[in-house]
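Here is what TrEMBL says about this protein:
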- Gly10, Tyr11, Ser12, Ser13, Thr14, Gly15, Lys16, Ser17, Thr18: ATP binding site (BINDING)
- 6-224: domain 'Cytidylate kinase' (DOMAIN)
Amino acid sequence: MQKITIAIDGYSSTGKSTVAKQLADYLGYVYVDSGAMYRAVTLYAMQNGIISKGNFDIEKLEESLPSIHLKFKKEASWNKAHIFLNGKDVENEIRNLEVSEFVSPIATIHEVRVKLVAQQQQMGLEKGVVMDGRDIGTVVFPNAELKIFMNASAPERAQRRYKELMDRGDTVTFNDILKNIQERDHIDTTREDSPLRKAADAIEIDNSEMNLQDQFHVVLQLAKDRIAGRI
Ligand code: CDP
Ligand code: CDP
């Protein structure tokens with residue numbers, strides 16, 4: 001069967017990565033979490049004195065880009081591919097709130113985007129890929145056969161992310177998560193380079209009232225219809 005490219009964009013904690021992974025597993029496609037790449041660059045910047053509270057050395061970040069090597073690797077016992085930063089598995093570390101607080105400023109930098117978009121496009125050359133992020137349908141794969149744009153209310157999204165971080169043992173407050181989500185929404189939608197927006201040909205899904213199973217069924221049906229040429 002003909003393989004297609006599926007782009008899933010939208011706001012933070014709308015369930016993009018969950019549904020993208022489920023879809024990729026079902027279709028036998030490759031799943032790529034583009035946000036993990038921005039998060040890994042952010043972790044590098046935090047570890048190398050490039051970004052901290054009140055300090056952001058953009059020039060040093062740009063100079064450091066050739067030294068930042070990102071790779072996705074998957075082992076049989078893992079449920080999904082992990083991201084490696086210069087050979088080290090950072091899949092867990094990049095999900096903490098501190099990284100979330102610095103990632104959106106890092107993602108505004110043009111040179112960072114050029115580097116990561118090129119790597120993302122390389123991963124999608126043979127189609128059969130489901131990628132989630134903010135600019136997948138608009139910039140990375142503007143010709144993707146299926147584009148989904150996900151949204152949900154901010155309190156609902158904050159509640160979901162709060163639960164996720166509490167479940168893994170992080171010490172966070174609901175208000176800090178909500179504030180972070182709102183700040184990232186603002187930076188991601190207003191930045192000059194590749195702002196988060198719905199592509200003209202994307203299908204919008206508000207999943208404030210949908211559980212994971214409901215949203216998977218909606219997206220899977222769209223994918224099946226698109227693959228079969230019904231839509
Ligand atoms: O999962 P969550 O929505 O919290 O975020 P993510 O997908 O891990 O992305 C983290 C951040 O990376 C976003 O808030 C954006 O600032 C940036 N990002 C981006 O600019 N472009 C992408 N394609 C993916 C993420
Ligand atoms: O990738 P993105 O940031 O858009 O979201 P995610 O990481 O897939 O989902 C964030 C959290 O919300 C996860 O813990 C999901 O299980 C949960 N979620 C949910 O409970 N119901 C939904 N309809 C969507 C996501």
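Here the Cβ of each residue, glycine as well, is placed from N, Cα and C on the backbone.
Structure coloured by features recorded in TrEMBL.
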residue: Gly10; record: ATP binding site; Cβ contacts under 8 Å, 6 or more apart: Lys16, Arg134, Ile148, Phe149, Met150, Asn151, Leu196
residue: Ser12; record: ATP binding site; Cβ contacts under 8 Å, 6 or more apart: Arg157, Arg161, Ile181, Arg184, Asp185, Asp188
residue: Thr14; record: ATP binding site; Cβ contacts under 8 Å, 6 or more apart: Met150, Asn151, Ala152, Arg157, Asn207
residue: Thr18; record: ATP binding site; Cβ contacts under 8 Å, 6 or more apart: Leu212
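Among the binding-site residues Gly10, Ser12, Thr18, the residues whose Cβ lies under 6 Å from any atom of ligand 1 are, in sequence order, Ser12. Across the domain 'Cytidylate kinase' (6-224), the prediction's mean pLDDT works out to 97. Counting every protein chain shown, 27 other Cβ atoms lie within 10 Å of the Cβ of Lys16 (ATP binding site). Using the Cβ center of Gly10, Tyr11, Ser12, Ser13, Thr14, Gly15, Lys16, Ser17, Thr18 for ATP, the list of other same-chain residues with Cβ within 8 Å runs, in sequence order, Asp132, Met150, Ala152, Arg157.
According to DSSP, Lys16 (ATP binding site) sits within a helical segment. According to DSSP, Gly10 (ATP binding site) sits within a strand segment.
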